[in-house]
Structures are given as structure tokens and as C-alpha cells.
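To start, the structure under review is shown below, and the notes come after it.
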Amino acid sequence: MTEMKKRKKNPYLTANIIIVILLGLLAVLVVLPFVWMVLSSFRTNKDIRLNISSMWPDPWTLTGYAAALTKAPFVRWFINSVFVSTTVTLIVLFTSSITGFVFAKYKFPFKNLIFGVILATMMVPSQVLMIPNFLIVKGLGLYNRLGALIVPMMVSMFGIFLCKQFIEDIPDSLCEAARIDGAGDFFIYARIILPNIKPCIGSLTIFTFLERWNDYLNPLIMLNDTEKMTLPLALNFFSSQHLADLSATMAVASLVMVPVLIVFIMFQKQFIKGLALSGMK
């Protein structure tokens, strides 16, 4: 009887164990390349090429990091990437949240048509917009400046859509009560809307920062000065068609990951909450 009760209480125990094992194996497969990359950054080029199957450094060395910091203006590139990614993220958070607020809580002519156009632009590949963006940047005199990586990215159609969906779930009665108390539109936006869409803000922060941080094509097109390059271009700097400094490349790749991990750790709570709320809708 006891065994029967245990089986009834845990009818999916075996299936759950199998799922956990499969997910564990998948996690190992995902993490393994990153572990190999970090460990390879402490190896010499000779050790990496001769002992491909081994991950453990023999001997341990910091020559890769030394090369990354001395052979190129890595610190300058790092500052450029942090500045561009942070600036674009902050601007996108503001433009997306305030535009989503307008579409969610206000009525105006052609509202649905305009929002439909915004949704339609999300289906346009970014490669199609490169020539128009380049012409705009050139016309504004921003070519070969960090502003060329910021101005075309200040508005995110996905961000507007995401914020609108979250803001629509906030009861209109809250906004109406605030207006009765004499609150203005910006006060309602700053004190009522923003605190209630923190999961959305956290998710959008991670998506936007990661997208800008990993952007390779736009800096390649918009910049031609080595001092103004960003970190994705740095990875290409340490390799060529015939010979690559593998140790330095792995060191740069490891350093490039650090800010992304910091941003994810800072906003992971809001990100996970946002995923949970999206699944409940």
C-alpha cells in the first residue's frame, strides 16, 4: 500500500528526473565553450595549437591578457563600447516607455494605424536599413564619430511594443485618480507607470545592452578610426587570414563577456519576472 501511495503521489517522478538530466547535459554543452575560452586565455599559443583536446593551461600564463592590453588600444575600445551601449540603452528605455505609455493610455487619430506601422517595421531586416542610416549619419556630420552608433538606435520598435503591452495591464483608474489629485502626465508616467513596469524595463535593458554590445556591422560601416572602434572589432584585430594570436583573442573574448554578465546579474530578477508575467498573459 505504501509503494502504491508513493507512485500515486509522484506519477511524473521518472519523467521529471529524465528532464532534469537532459537539461543538465544541455547546460554543460552550453557552458563548456565558455569554460574552454576562459581557460584558453591563460594558455600560450603553442599550448593551444598542440593540445587542442586539453582545456587545462600548461603552463598558466597572462601573455594573452598582456598582448590584449599592449598590442592595441583595448582600454579605449572598452570605454567606447561601454559608452555607446549604456547611452543607447538609457535612451531606448526612455523613448520606448514613454511612447508605450502614449499608445497604451491615450486616444488620438490614427492610433491603431500608426502602431500597425511600428509593428510592420519590426519585420524589416536591419541590413535593409544600413544604407538609409549611413546616409542620415553622413548628412548629420556624425560619420566616424561615436554618435553614428547612437543616433540611429535611439528608438526601438520592439521596445515600444513591449512597453505598450505591459502598460496596458495597469488599471486606468490609477491614472485617473492621480489626475483628480492634480498630477500631470509626466508625473503619472514617472511615479505610476515606471514603477509598475520594472520587469519590462529589466528585460528591455538586457536585450538592448546585449544587442549594442555585440554589434559588429554598424561600427564596421560607420567608423574608420582605430581609436573610435568598439570591442567586437577588437576580436577581428587580433586575428588575420593566415595567423591568429589565439591566446590574446581568447583573453579579449573573456573580457568582452564581463560587462554583459554584470548587466544580466543586475537585472536578472526583473528579467525572470518579466518572462513569468509574459507567460501568464
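Every residue, even glycine, has its Cβ placed from backbone N, Cα and C.
Database features, via TrEMBL:
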type	residues	note
TRANSMEM	12-39	transmembrane segment
TRANSMEM	77-104	transmembrane segment
DOMAIN	78-267	domain 'ABC transmembrane type-1'
TRANSMEM	113-136	transmembrane segment
TRANSMEM	148-167	transmembrane segment
TRANSMEM	188-210	transmembrane segment
TRANSMEM	246-267	transmembrane segment
Best-contacting stretch, by C-beta pairs under 8 Å, relative to the transmembrane segment (77-104) and drawn from 12-39, 113-136, 148-167, 188-210, 246-267:
148-167
Distal contacts, the transmembrane segment (188-210) - CB-CB under 8 A, six or more residues away:
85-86, 88-89, 92-93, 96-98, 101, 105, 156, 158-159, 162-163, 166-167, 170, 174-175, 178-179, 260, 263-264, 267-271, 273-275, 277
Long-range Cβ neighbours of the transmembrane segment (113-136) (under 8 Å; 6 or more residues past either end):
103, 143, 151-152, 157-158, 160-161, 164, 217-218, 221-222
Residue numbers, six or more beyond the limits of the transmembrane segment (246-267), whose CB comes under 8 Å of its CB atoms:
34, 37-38, 40-41, 43-45, 48-49, 61, 63-65, 67-68, 71, 74, 78, 81-82, 85, 202-203, 205-206, 209-210, 213, 231-232, 234-235, 238-239
Do any residues, 6 or more residues outside the transmembrane segment (148-167), come within under 8 Å Cβ-to-Cβ of it, and if so which ones?
84, 87-88, 91-93, 95-97, 99-101, 103-105, 115, 118-119, 121-122, 129, 133, 136-137, 140, 142, 193, 196-197, 199-200, 203-204, 207-208, 212, 215, 218-219, 222-223, 230, 277, 281
